[in-house]
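To start, the structure under review is shown below, and the notes come after it.
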Amino acid sequence: MKDKIDFQIENLGIPKFKSPLQLSTVRGDNIFTFINETDKLVFDTSLESYNQCLTNNKEPLCLEKAGPRQNIHFEPKNFTAAIVTCGGLCPGINNVIRGIVMALHYFYDVKKILGIPYGYEGLNPEMGHDFIALTPDKVKDIHQFGGTILGSSRGAQDVSVMVDTLVNNNIQMLFTIGGDGTLKGCNAIGEEIKKRGLDISVVGIPKTIDNDVDIIDKSFGFETAFDIASPILKDAHNEAHGAYNGISIVKLMGRDSGFIAASASLAMPVVNFVLVPEMDFDLYGENGFLEVLKSRLEAKHHAVIVVAEGAGQHLFEKDDIVTDASGNVQHDDIGLFLKQKIKEYFSDIFPVTIKYIDPSYIIRSAAANSGDSVFCSSLAYQAVHGAMSGKTKFVVGKVNDKFVYLPISAVVSKRKKIDLESGFWFAVLQSTGQPFSIK
Ligand SMILES: Nc1ncnc2c1ncn2[C@@H]1O[C@H](COP(=O)(O)OP(=O)(O)OP(=O)(O)O)[C@@H](O)[C@H]1O
Ligand SMILES: O=P(O)(O)OC[C@H]1O[C@](O)(CO)[C@@H](O)[C@@H]1O
Ligand SMILES: [Mg+2]
């Protein structure tokens with residue numbers, strides 16, 4: 001049975017230089033072994049899928065294992081690498097920058113590394129931002145801080161101008177740290193490079209607290225974001241509990257996917273209702289949210305509601321769609337809307353006390369927690385190994401808990417959303433006790 005590699009990564013050429021890494025080529029010598037290009041991982045590990053492959057005499061869909069290769073494409077010392085960070089902030093960006101610089105410098109002897117300031121904007125010379133020279137000394141302490149030392153931005157830039165900038169500055173490797181938009185931008189830059197026949201590798205390291213990048217297990221920063229959100233839910237519970245028929249509403253980020261709201265609520269099981277963009281809930285009617293909330297208050301006299309910012313958008317009457325500079329839809333404020341509707345509904349039923357909490361940017365501007373810090377440096381090292389071997393237009397991430405390389409195109413074709421039929425969402429329903437459907 002031969003592997004079918006649908007997740008095939010493009011390569012700039014056959015790697016012809018020997019890696020400077022002193023690794024092993026055989027198992028059993030207690031030294032890490034180079035990854036062979038034929039080392040693959042099966043994507044769907046279920047027995048059902050395996051049996052289907054056998055029955056249909058088909059090859060399983062495989063993934064490229066991440067890690068250092070024995071032969072590399074770029075001659076160490078001889079080139080310039082660059083790093084850019086785009087989109088919203090996210091815990092761990094500085095850890096990834098640090099990891100990339102350290103790996104390039106110490107593993108591969110790459111001495112010229114440039115930081116591109118303020119996102120893709122920094123690749124447009126007309127903006128007048130100066131590049132930042134990145135050295136181990138410059139980045140050694142940055143993992144302690146949230147944000148990005150390079151700055152970020154949203155908004156479209158001319159891909160051709162950005163590629164001109166790479167060429168004019170002899171940049172042969174570009175690491176882009178960002179969400180779906182950044183990754184699409186990275187792919188577009190990679191396509192333009194290919195069109196021009198240039199020898200430049202572009203890499204994406206998926207960053208988003210929303211955890212909405214498809215296929216990968218999780219994006220870095222997501223875990224820290226819900227880690228910061230969960231103690232806030234405990235405080236919200238104290239507030240709700242402190243009043244007879246007290247209600248706390250906490251709005252958490254999550255533009256189109258409710259992973260932060262759901263995970264924070266699982267981490268702090270004091271939440272009674274989690275409302276996410278993936279749900280199509282109603283406010284009114286016998287099984288509508290307000291009636292379900294009333295039953296909860298009659299039984300327990302307090303309630304904690306966590307709502308993701310993208311939830312309930314179907315409840316607004318919209319005249320026109322507002323977008324940010326990158327074209328992302330800006331949602332109506334579901335938190336304040338719910339507060340108002342709850343107030344109105346209970347005004348002639350019984351008195352309620354409502355506390356509204358919006359932690360907003362606090363959950364994404366902090367430094368990475370320990371778990372994310374470990375994850376970020378591994379992502380950075382794997383990204384460097386892949387780029388050095390000449391792979392391009394790829395992202396690094398974990399799938400089935402293993403580091404792999406995936407074509408950017410595979411992860412940006414759709415957003416990852418909570419599957420309402422999954423065990424994950426069932427766990428949320430078990431933890432909160434909210435009805436399976438609020439209609
Ligand atoms: N299809 C595309 N082609 C080229 N560039 C793009 C594309 N989509 C987005 N970009 C650019 O990528 C950058 C970041 O995009 P965006 O603001 O959507 O953030 P993001 O990377 O998705 O991060 P976040 O998770 O914070 O939304 C912007 O400069 C945007 O113009
Ligand atoms: O206000 P900004 O910086 O445009 O970003 C807000 C958005 O960014 C995110 O945090 C994703 O990065 C979303 O959850 C949120 O909607
Ligand atoms: Mg985005």
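Cβ coordinates are placed from backbone N, Cα and C, and glycine is handled just like the others.
Annotation source TrEMBL lists domain 'Phosphofructokinase' at 81-385.
Feature annotation from TrEMBL assigns ATP binding site to GLY88, ARG154, GLY155, GLY179, ASP180, GLY181, THR182. For the recorded site, THR182 (ATP binding site), the DSSP three-state label reads helix. There are 27 other CB atoms within 10 A of the CB of THR182 (ATP binding site), with all protein chains counted.
Residues or ranges marked as Mg(2+) binding site by TrEMBL: ASP180.
Just so you know, the Cβ of GLY181 (ATP binding site) picks up 22 other Cβ atoms within 10 Å once every protein chain is counted. The site 'Important for substrate specificity' feature in TrEMBL is assigned to GLY181.
Residue environment of GLY254 (substrate binding site) contains 29 other Cβ atoms, counted within 10 Å of its Cβ in all protein chains. The substrate binding site annotation in TrEMBL covers THR208, ILE209, ASP210, MET253, GLY254, ARG255, GLU309, TYR361, ILE362, ILE363, ARG364.
For the recorded site, ASP210 (substrate binding site), the DSSP three-state label reads coil. Taken from TrEMBL, the feature active site, proton acceptor covers ASP210.
Within 10 Å of the Cα of GLY179 (ATP binding site), the following binding-site residues from the list THR208, ILE362, ARG364 place their own Cα: THR208. Proximity to ligand 3 at the level of Cβ atoms, with a cut-off under 6 angstroms, picks out GLY179, ASP180, GLY181 from the binding-site residues GLY179, ASP180, GLY181, GLY254. Pairwise Cα distances among GLY88, ARG154, GLY155, GLY179, ASP180, GLY181, THR182, which the record gives as the binders of ATP, peak at 13 Å. Among the residues THR208, ILE209, ASP210, MET253, GLY254, ARG255, GLU309, TYR361, ILE362, ILE363, ARG364 said to bind substrate, no two Cα atoms are farther apart than 16 Å. Not a single one of the binding-site residues GLY254, GLU309, ARG364 has a C-alpha within 10 angstroms of the C-alpha of ASP180 (ATP binding site). Among the binding-site residues GLY179, GLY181, GLU309, ARG364, the ones whose Cβ sits under 6 Å from an atom of ligand 1 are, in sequence order, GLY179, GLY181. Checking the binding-site residues GLY155, ASP180, GLY181, THR182 against ligand 2, not one has its Cβ under 6 Å from it.
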